[in-house]
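Below you'll find the structure, written out as structure tokens, and then a few comments.
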Amino acid sequence: MSKQPHILVSNDDGYLAPGLLALVNAVRPLGRITVIAPEQNHSGASNSLTLSRPLSIHRVAGGERDGFFFVNGTPTDCVHVAMTGFLDEKPDLVISGINQGENMGEDTLYSGTVAAAVEGVMFGVPGIAFSQIDRGWNRIEDAAKAAHDVVAQMLVSALARTEGTATLLNVNIPNRPYADLYRWRVTRLGNRHHSQPVVVQDSPRGEKIYWIGAAGEVKEGSEGTDFHAIAEGCISITPMQLDLTHHARLAAMRANGWDRG
């Protein structure tokens, strides 16, 4: 890119999340940065938009997050308002994360982290979602350095200038020192078994309450999948698309007379 690229950064863990701050600091040398993130944690929000109430946007003044914007909405809300009026012009790249925990296989359908990158692609802007394979933040700076390398590669790649549908990448980073994060694998999504059963408890009022169970174990994690790459200690980079059409089944249904009239 001839001009300094404009990078929009969001997440689903909220604007105070350590993963967001680490990502922003890591990519600052790569371009002009705008941060618009949710006010609260919206993990599992997927591509939900807030339509039942107005949204408000506030700017952080002072501290290490000075200049960050936060929205009382979802990750998708954040990128949507940025693209449809809050920003004077569309950014060159949308990045999201770094998420606290992996987003692999079917996780991507539920993930607010992935959804923020997806929303950028909906507006023709390449998007990258970053997640770290850990529920803690003990190696978040290492993951951020690796994310910097992926963003730098994207900015000089033909993928960033592809005509037509913008590129969408889902990146999962092992919980390892940066020196060990030099191996990248381009992968496909693996597959999990169904989630664990809901956890049933009694509320103080004697009512049954239900907690969503833990993610299922890996069902299909063969070579070439995101699960396999992570198990091998590699960064997993999965190109994704918005078109959910099952094209082979579409052709089969047409061939078998499903078209009528």
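Yeah, the Cβs are placed from backbone N, Cα and C, and that goes for glycine too.
Taken from Swiss-Prot, the feature divalent metal cation binding site covers Asp12, Asp13, Ser43, Asn99. Here Asp13 (divalent metal cation binding site) comes close to Gly19, Leu20, Asn41, His42, Ser43, Asn99, Gln100, Thr113: these same-chain residues lie at least six apart in sequence, with C-beta atoms under 8 angstroms from its C-beta.
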If you tally other C-beta atoms within 10 angstroms for each of the binding-site residues Ser43, Asn99, the top scorer is Asn99
